[in-house]
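Listed in Swiss-Prot for this protein:
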MOD_RES   1  N-acetylmethionine
MOD_RES   40  N6-succinyllysine
MOD_RES   57  N6-succinyllysine
ACT_SITE  327  active site, proton acceptor
MOD_RES   406  N6-acetyllysine
MOD_RES   406  N6-succinyllysine
BINDING   406, 410, 411, 412, 413, 414, 415, 416, 417  CoA binding site
BINDING   439, 441, 452  (R)-carnitine binding site
């Protein structure tokens with residue numbers, strides 16, 4: 001990172017924003033052709049024929065009109081999708097977002113200098129906070145290197161949403177408050193919020209214009225910790241953020257109505273750089289087994305998470321750390337970036353603070369004392385109960401495959417991401433006896449304010465290969481050829497999607513134009529094959545590559561009978577995390593992971609033996 005920083009001295013983090021190309025609108029014909037191809041694995045002959053007719057009718061009729069209107073919209077906006085995506089994918093959603101939408105991940109420090117150890121929470125926390133604050137300062141000064149693909153700069157806009165950002169609940173639609181500014185843009189908030197035992201505190205991280213040091217941060221954390229443990233538990237207002245969105249919006253309005261000062265306190269949390277959570281539980285965590293960390297990050301005490309914050313940094317009693325982040329303002333690659341930066345710093349310093357132990361005379365943290373009544377306390381009680389009940393239904397399997405990793409797949413000329421995606425397809429096919437419609441995230445950051453596109457990994461080629469693997473009469477050579485066809489197809493789709501040639505966001509745009517124009521929903525979107533193939537947020541497999549660093553994350557499944565599957569890739573291993581719901585009797589995250597590891601071996605075996 002330091003070398004990168006040195007190299008990028010002349011480049012400012014956000015300097016290329018204005019020169020990025022606008023998000024393109026793909027060709028209607030191409031999108032519909034790709035869509036038809038994607039429904040094939042889920043249709044019999046008659047169903048496919050019917051869908052083909054529906055698509056043709058759409059292409060020649062209303063689809064053409066909607067596409068023209070979409071092109072018109074795109075003329076006036078550098079990103080025709082941005083506002084729509086934010087609303088439809090996040091802000092209009094009414095289910096509790098802390099459990100169902102947020103992404104979480106453990107900090108990887110337990111793999112090296114910070115194994116789980118009781119009594120380390122506050123000291124480690126102060127060091128971790130300091131590195132996070134240094135990253136914030138780099139961003140404020142625009143010294144964070146611009147992300148690039150080769151020499152092409154990628155969109156950096158989401159980095160504005162990492163700090164001092166919060167979702168605010170609304171009756172029908174939430175909104176996002178963002179208070180971050182770069183130094184050249186002016187003043188921005190400089191305080192963090194700390195949640196501990198149902199109470200909330202804030203303190204400034206600058207003193208005399210400089211960041212406060214780890215010993216000073218430790219003084220602040222110790223003050224809060226001792227106060228909370230020596231006095232009764234607080235009203236746990238934060239738990240309300242884990243509620244159903246409209247219920248939380250009404251509770252928030254009521255809270256503000258009780259006392260206008262409550263709004264001032266809420267705004268202090270909203271505008272804080274991030275929330276630091278002090279948990280009093282200790283999840284089991286070793287490099288081989290850290291499922292419990294994920295369970296506690298997603299389903300832990302809602303009284304010490306502000307579910308709507310773009311960044312909750314969570315500390316556990318045994319010195320294990322992690323994060324819970326609202327997904328609305330940004331995608332997980334941001335968290336991967338800051339988490340990796342912090343982890344590298346901890347490795348450099350052997351997990352210790354080596355600077356001055358001096359503690360200056362800095363103001364003590366300020367407690368945010370909300371005015372509450374019986375109704376609010378009852379709302380808090382209900383919120384906690386619903387969150388903990390829903391979270392107890394979650395099954396998480398986090399596991400590390402150590403037989404081989406990227407090094408071997410590259411040697412076999414197989415793209416490691418595609419390798420894992422196809423292993424997942426085979427595992428699902430073996431476990432459930434049918435193809436599983438699958439969403440893999442592709443990034444579209446080549447374009448202005450680009451975020452994501454859907455790669456539909458369950459291709460005709462992938463299914464043919466899965467079938468051959470289960471067919472005793474198929475030769476090794478035939479299986480290998482089918483697998484390589486599936487690889488080629490997936491790699492092409494990923495390239496297309498990253499370069500603005502996907503079709504899922506395009507179809508969403510056409511549907512939203514119809515809605516805005518007050519037109520009936522086109523038949524294409526009512527067709528059973530639309531949802532059976534994953535359309536309308538119905539993907540049974542919701543997946544994402546977290547990257548090639550030491551960082552791991554997870555999100556809950558998109559549908560009740562589905563899985564969330566997230567993974568990162570290293571030279572010598574694949575680290576995977578799978579989520580499912582216990583109340584769904586047909587899914588089992590642990591079994592699926594077992595089958596995936598089995599598939600990894602089968603695939604490499606195929607490459608090694610097929611040419612003998």
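Every residue, even glycine, has its Cβ placed from backbone N, Cα and C.
Locations of recorded Swiss-Prot features on the structure.
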residue	record	DSSP class
40	N6-succinyllysine	helix
57	N6-succinyllysine	helix
327	active site, proton acceptor	coil
406	N6-acetyllysine	helix
411	CoA binding site	helix
439	(R)-carnitine binding site	strand
452	(R)-carnitine binding site	strand
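Among the recorded positions 40, 57, 327, 441, 452, not one has its Cα within 10 Å of the Cα of residue 415 (CoA binding site). Other than 406, 410, 411, 412, 413, 414, 415, 416, 417, the residues of this chain whose Cβ falls within 8 Å of the Cβ centroid of the CoA site are, in sequence order, 408, 409, 419. Less than 8 angstroms from the CB of residue 417 (CoA binding site) sit 494, 545, 569, each of them six or more residues away in the same chain. The Cβ neighbour count for residue 452 ((R)-carnitine binding site), using a 10 Å radius over every protein chain in view, is 23. A sphere of 10 angstroms centred on the C-beta of residue 439 ((R)-carnitine binding site) encloses 24 other C-beta atoms. Ranking the recorded positions 40, 57, 413 by Cα distance from the residue listed as 'N6-acetyllysine' puts 413 first. The two recorded residues residue 441 ((R)-carnitine binding site) and residue 411 (CoA binding site) have their Cα atoms spaced 25 Å from each other.
Residues near the residue listed as 'active site, proton acceptor' in space but far in sequence (CB under 8 A, at least 6 apart, same chain), listed by position: 90, 97, 101, 102, 103, 555. Highlighted in sequence order, 440, 442, 453, 454, 455, 543, 544 have their Cβ within 8 Å of the centre of the Cβ atoms of 439, 441, 452, the residues recorded for (R)-carnitine, and are not part of that set. Per the record's binding annotation for (R)-carnitine, residues 439, 441, 452 show a top Cα-Cα distance of 11 Å. Within the set of recorded positions 40, 57, 439, 452, the entry lying nearest in space to residue 413 (CoA binding site) is 439 (CA atoms). Put simply, of the binding-site residues 411, 439, 452, the one whose Cα is nearest the Cα of residue 40 (N6-succinyllysine) is 439. In sequence order, 523 are the residues of the chain that are 6 or more apart from residue 57 (N6-succinyllysine) and have a CB within less than 8 Å of its CB.
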